[in-house]
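K.L.:
Mind looking over this structure? Questions follow.
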């Protein structure tokens, strides 16, 4: 029985899957789980079984949720005493996938059905048409997707990956899991039962030895890292630890080596009486080698506030100025985070890395519970960790937006038991934030500008809730001295036509207008004037962002502008109504001039309402049926003529 392919050479990202000689045990992996159990029963003794292989968990995560879920599965595997590795998909050498026998893929979907940034290289590779159909015939795997069914391409990445792995010959242990944020119990409403089924399937395939005990849920697992404080080691050890390999200088800034851009201005653009504080911020990127075009985004990793850092260190009785180096407890399963210096101070770790101001996930309470010695605190933490306690956890944590730091203050006895070695297990890394670039290099050389809505709101908590990145940026005042922000740029999801005669129609209420300001500057600098903008806000006098610019362009016949000020009259008016009113113009531009149509802004109701208004115009002015209007919008999207960039 054979399951091989022609031998080829293997390289990192320019390879074809190599042939592998399959032995009988490996070929059995292509059989059904029930057949394999029969084979084991007939041809193995009680003492000679197919032993469970090591488990590899690969994740693609944009905001950290898929990574958190992958690490949760990894901990469950550890408690079953399995060898396990958890890695981001793009950190994994995809050339080794043909040799793996057991993999779980956990992936989210971003944008309009796009893979997360840390799995894009893997995604491009695995969909190469040159890959032979039997490449992964020895692989048992499972795919778990994390998504939100309020978006049109719900869990698109997980569904497509599942299908592709089957095409390449992999065997699925169970159907693809499609976790949904809209579920009554959130994503865990799908993840919990899916994991139960996964472990049942795996146990049936690889039964554990009868004398093997599981590690109890209330017993702490070993930490991923050991802190070695510099005052605890000898000078020779210190010298060895300070020999950190030099990183190559990148041709352009990236996540691990951002550019320290000087903030030039930080101006509020909403009226002082308006409830929303929105900033127009400009950065100097001279000497950075940063290049970008309209539609691209600038990335920044925020820092925790000084007050939160001090409170955290006091709670855990940490000296913030103490220096340490990190050592992985298992070099084969994890490495030291790339952008943490070695050595590092505790202050730097807490300020720039540990996400102590985030609303903690369920995994936070699961780990915290293993340290609890106080009975009341242990019972409450265990409840929050259980599937049955998710309503209580939501009411305690998610609804009021309670932060991890505030949770620690609510559980003082457990917090007192926390060891420093577990900090990186307990607190996730602060994730970078992305902002649509609101300027063009053609209009503003060596500059990046953004429109930033500062997030502040009240819940039942005593202190107002604050957006970590927006409040961090808003607190900076370049008039008081030099202020620098680490940043880098990545390609955005919006792509604009290169033909100067192609009209662009843009719907961008609120700060959704930011990428359209960039493309208007870019197009007008080249003399391209077929531009239509629909802008909406509450009031012309309070939050009409860039209003003077739009009126200047209108007067120069470089822009058609349609505005919707929802609170300036008794009946509220929104951009979708303006789109409906201009149905004849839009039909002419789209049907006869091949116009491109764009939407950017809040994902709640606006995008759907705008699409409905647009399709209504197809029917009223194009004589289409409802289904034909739907098909036309789908065809436009497939051709890149309809694009949207929305956020919740």
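Here the Cβ of each residue, glycine as well, is placed from N, Cα and C on the backbone.
According to TrEMBL, the protein carries these features:
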| type | residues | note |
| --- | --- | --- |
| BINDING | 61-66, 108-111, 146-155, 181 | FMN binding site |
| BINDING | 401, 433, 434, 435, 436, 467, 468, 469, 470, 647 | FAD binding site |
| BINDING | 511, 566, 567, 572, 573, 574, 575, 576 | NADP(+) binding site |
| DOMAIN | 55-199 | domain 'Flavodoxin-like' |
| DOMAIN | 256-497 | domain 'FAD-binding FR-type' |
K.L.:
Taking only the Cα atoms, work out how far residue 61 (FMN binding site) lies from residue 468 (FAD binding site), in Å, as a whole number.
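P.N.:
Spelling it out, the Cα of residue 61 (FMN binding site) and the Cα of residue 468 (FAD binding site) are 20 Å apart.
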K.L.:
Return the residue, from the listed binding-site residues 573, 575, with the maximum count of other C-beta atoms within 10 angstroms of its C-beta.
P.N.:
575
K.L.:
What's the CA to CA span in angstrom from residue 111 (FMN binding site) over to residue 436 (FAD binding site)?
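P.N.:
Here the two Cα atoms lie 13 Å apart.
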K.L.:
Cβ distance under 8 Å to residue 468 (FAD binding site), same chain, sequence separation 6 or more: which residues?
P.N.:
302, 304, 355, 357, 358, 430
K.L.:
Which value in Å gives the longest Cα to Cα span across the FAD site residues 401, 433, 434, 435, 436, 467, 468, 469, 470, 647 as recorded?
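P.N.:
Pairwise Cα check on 401, 433, 434, 435, 436, 467, 468, 469, 470, 647 gives a maximum of 26 Å.
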K.L.:
Closest to residue 434 (FAD binding site): which of the binding-site residues 64, 573, 575, going by Cα position?
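P.N.:
When the Cα distances are compared, 64 comes out closest.
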K.L.:
In whole Å, how far does the CA atom of residue 567 (NADP(+) binding site) lie from that of residue 470 (FAD binding site)?
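P.N.:
Here the two Cα atoms lie 25 Å apart.
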K.L.:
How long is the line from the C-alpha of residue 511 (NADP(+) binding site) to the C-alpha of residue 436 (FAD binding site), rounded to the nearest angstrom?
P.N.:
9
K.L.:
Between residue 576 (NADP(+) binding site) and residue 151 (FMN binding site), how far is it from one CA atom to the other, in Å?
P.N.:
18
K.L.:
If you count other Cβ atoms within 10 Å of each one's Cβ, which of the binding-site residues 401, 567, 572 has the most?
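P.N.:
In terms of Cβ crowding, the pick is 401.
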K.L.:
Roughly how wide, in whole Å, is the group 511, 566, 567, 572, 573, 574, 575, 576 that binds NADP(+), by largest Cα to Cα distance?
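P.N.:
Across 511, 566, 567, 572, 573, 574, 575, 576, the two farthest Cα atoms sit 19 Å apart.
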K.L.:
Please list, in sequence order, the residues in the chain of residue 151 (FMN binding site) that are at least six apart in sequence and whose C-beta is under 8 Å away from its C-beta.
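P.N.:
Long-range Cβ contacts: 109, 603.
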K.L.:
For residue 154 (FMN binding site), write down the residues of its own chain that are at least 6 apart in sequence and whose Cβ falls under 8 Å from its Cβ; none is a fine answer.
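P.N.:
Looking at Cβ-Cβ distances below 8 Å from residue 154 (FMN binding site), excluding near sequence neighbours, one finds 109, 147, 148, 178, 180.
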K.L.:
DSSP helix, strand and coil counts for the domain 'Flavodoxin-like' (55-199)?
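P.N.:
Per DSSP, the residues of the domain 'Flavodoxin-like' (55-199) fall into 58 helix, 34 strand, 53 coil.
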K.L.:
Return only the integer: C-alpha distance in Å from residue 436 (FAD binding site) to residue 575 (NADP(+) binding site).
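P.N.:
Between the Cα atoms of residue 436 (FAD binding site) and residue 575 (NADP(+) binding site), the distance comes to 20 Å.
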K.L.:
Can you count the other CB atoms that lie within 10 A of the CB of residue 108 (FMN binding site)?
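P.N.:
Residue 108 (FMN binding site): 26 neighbouring Cβ atoms within 10 Å.
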K.L.:
Return only the integer: C-alpha distance in Å from residue 566 (NADP(+) binding site) to residue 64 (FMN binding site).
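P.N.:
The Cα atom of residue 566 (NADP(+) binding site) is 36 Å away from the Cα atom of residue 64 (FMN binding site).
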